[in-house]
């Protein structure tokens with residue numbers, strides 16, 4: 001780093017001029033301590049020299065007066081690169097077009113998946129389907145995917161890129177399946193969507209590595225990769241459970257686990273009341289049979 005010395009320090013040898021003729025012994029000792037820690041780079045004709053200050057073991061730590069910083073040469077180069085057009089980002093730095101395009105593609109994937117999950121929520125919330133637990137589950141997934149897209153949009157703006165939203169495809173509106181049932185079919189579709197998201201996420205990660213964008217790589221790894229693996233594991237377990245227990249009881253199990261607490265309580269209450277009615281009915285039948293037999 002370059003330092004600009006004041007004229008008082010242009011002569012490093014106290015014996016070279018009248019400037020040091022009036023120095024006391026203590027002042028001369030102080031200057032010798034200072035001069036032992038600097039090296040002259042040039043001695044212009046105007047008496048102003050440029051010196052490099054180096055730390056030494058015996059250096060004096062008293063405040064140094066008359067020395068000011070020169071601007072870095074790199075700053076001038078960066079200053080020349082600051083855009084003047086109002087439509088060009090001022091914050092953009094080492095952010096390639098490939099990374100920008102890959103982020104926009106991932107935003108589009110998140111919105112499309114969110115749209116499909118929203119359609120699933122609408123289906124299971126129908127009065128003739130009435131699986132409130134599944135409806136709640138897919139509604140939460142839809143909101144989560146939208147949050148992912150918005151987080152990517154915020155990052156795109158932070159790095160100086162431009163968010164370019166693309167068309168969203170119309171999702172299915174019917175999820176009933178003759179063999180698998182609607183719950184099993186919808187959960188398998190959700191698993192396929194989560195794996196597709198993970199594949200697109202890995203593609204984005206590979207683009208960041210190829211373009212040596214360390215900050216974007218760290219962002220993807222911190223915010224998305226681990227969460228995506230957890231989502232795939234969670235939905236895979238639901239698919240395995242539905243495949244094992246079949247359509248009827250499997251749908252009830254998922255409803256019981258995913259529904260809000262008050263819905264589960266009401267469902268359990270109806271189940272208990274129905275069970276006790278059957279028990280009471282059996283007892284009455286036994287009493288009638290005993291009476292008639294006697």
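Placed from the backbone N, Cα and C atoms, the Cβ positions cover glycine too.
Database features, via TrEMBL:
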type	residues	note
BINDING	110, 145, 148, 194, 228	Fe cation binding site
DOMAIN	93-246	domain 'Ferritin-like diiron'
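Sequence-distant neighbours of residue 110 (Fe cation binding site) (same chain, six or more apart, CB under 8 Å from its CB) are 145, 146, 148, 149, 152, 197, listed in sequence order. The number of other CB atoms found within 10 A of the CB of residue 145 (Fe cation binding site), across every protein chain shown, is 23.
Excluding the listed site residues 110, 145, 148, 194, 228, the same chain places 109, 113, 114, 144, 197, 201, 224, 231 with Cβ atoms within 8 Å of the centre of the Fe cation site Cβ atoms. In the predicted structure, the domain 'Ferritin-like diiron' (93-246) carries a mean pLDDT of 94.
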